[in-house]
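Pulled from TrEMBL, these are the features on record:
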TRANSMEM  21-42  transmembrane segment
TRANSMEM  48-68  transmembrane segment
TRANSMEM  104-125  transmembrane segment
TRANSMEM  137-154  transmembrane segment
TRANSMEM  193-214  transmembrane segment
TRANSMEM  234-255  transmembrane segment
Amino acid sequence: MRAPRRPIHTIWTWARRQPSKVQAFLAVVSGMAALVLLRFIVHDHDNLFVAAEAVHSIGISVLIYKLMKEKTCAGLSLKTQELTAMFLAVRLYCSVVMEYDIHTLLDLATLVTTLWVIYMIRFNLKSSYMEDKDNFAIYYVVVPCALLALFIHPSTSHHLLNRISWAFCVYLEAVSVLPQLRVMQNTKIVEPFTAHYVFALGVARFLSCAHWVLQVLDTRGHLLVALGYGLWPSMVLISEIVQTFILADFCYYYIKSVFGGQLVLRLPSGVLLRRQFKTLLHLVQDCRHS
């Protein structure tokens, strides 16, 4: 006799069978519901940004623990770490010349640990690096992000180079995890420490996205005006939303695996990239028509 299916699993299975436009609508509704819940639970929404930084730090700590204890970098994408170091270095530069606050120190610490991870993968643990699986061409994201930053950047009083650099790191951060998703898509199996790290990235980016959206709501749109005019304020929010969408499917399979008592995460073929891009494409098309 078959065991009864859990309501959450039944609802998710039904949602995944729907057309892409319906999935996009359901994703937006779910996101809005989560934001409403956070708005009532968290009174100071700046704490969401702090929480995002804390969760990101936990993810990096798990990654370092994996490299030091297991002496292997199998399943990790060197290209994602290089993209992360790239946008962190640019953001650190922008933070020093434009703001210089506590986030400058946080970015510096994160950059140092990321560079250490890159060193470990390239030299100490090179024999376990799955180079054939890490086959995402990073210029597919670096070049479009650079071109987009040239045309859409803040309209503040800072030097033009600093404003373009700021926009570049925002865009690059949004897509920096794509090579890691490609590795996991190619291997189909994700070992626990890598899964914990990527899940932490997903949670951190959702909290960061929630922080921006709730800040806009709290200021009744004045925050967007403070960011400048033109397309830039909208692109900041879109970049945050894109980060959350990219990791949404993985986070679902991670939670499903944890509650199912599975130590190794097994992913369906093509689930991590194709579905997200189709859903995001429909979202962009709907925004154009509206």
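The backbone N, Cα and C atoms fix where each Cβ goes, glycine too.
For the transmembrane segment (104-125), the partner stretch with the highest count of Cβ pairs under 8 angstroms, out of 48-68, 137-154, 193-214, 234-255, is 48-68.
Relative to the transmembrane segment (193-214), the listed stretch 48-68 leads the set 48-68, 137-154, 234-255 in CB pairs under 8 A.
For the transmembrane segment (137-154), the list of distant contacts is 79, 82-83, 86, 163-168, 171-172, 175-176, 178-179, 227-228, 230-232, 235: same-chain residues at least six beyond its ends, Cβ to Cβ under 8 Å.
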